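Marked as signal peptide by TrEMBL: 1-16. Residues or ranges marked as domain 'Quinolinate phosphoribosyl transferase N-terminal' in TrEMBL: 41-112. The substrate binding site annotation in TrEMBL covers 102, 137, 138, 139, 161, 171, 201, 222, 248, 249, 250, 269, 270, 271. Residues annotated as domain 'Quinolinate phosphoribosyl transferase C-terminal' in TrEMBL: 114-284.
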């Protein structure tokens, strides 16, 4: 899907509520700095100071729209950023523009960082000749999941289930609580009915076979080393060719190609949302038509 079209996935009411909560968190009371900046008409340029994938425009727009500011983009969503890049211009009352500055930059930086990591993971997988799904996980920041899942999509990865209602995932603790793999899967299958798929986390081929026999649609081979993962997946597929296999646990951008194989359908990576470094952006006000280019401080 075209990255610009992904904005249609974001429910306007949910987006507005998120933006409202972010702005209230940053300024729940008196904004003394507004007396310094005043309310005169101002303009600022958004600069990208690190390479990566641009992601998060709908959130950036929504923040400034709520503050009566207008954003004009010079680069489309999903663009590859080469610093220093002039990305957008924001116009509005000075105190409003500065009120939204840090919230907007934080959101854009984080979302772009996740999109950049996702794009790198997909590129590594395709470079290994693998055509399966690179996916995120539910390991997201509380209150920030919509941004992080959206960033995955802009980067070309699959978001995986958005929440507990998107897929019935039977984890190791569910198996213990239910009294075994078969009992857990039967209960999950009954709860899922016809509308949802059932995925079961397994730590051995024996558990994977039990899960498949009990009606699992997907089997998650968690924390397997590559030399154990591929023969286990092959053996499971030989018996249950219609059962999808997901690999997860300890997978990074460096070792990702080792987990790619003909019997693996999905590779999920928690690091895409937990460890992706944020990109560096700055928003600089300018008084004249020529906006100064910021300097990059290399570490």
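Heads up, the Cβ atoms here are built off N, Cα and C, so glycines get one too.
For the domain 'Quinolinate phosphoribosyl transferase N-terminal' (41-112), residue counts in helix, strand and coil come to 29 helix, 25 strand, 18 coil, using DSSP. Outside the signal peptide (1-16) by six or more residues, the chain places 55, 57-59, 62, 66, 76-78, 146, 150, 153-154 with a CB less than 8 A from a CB of the stretch.
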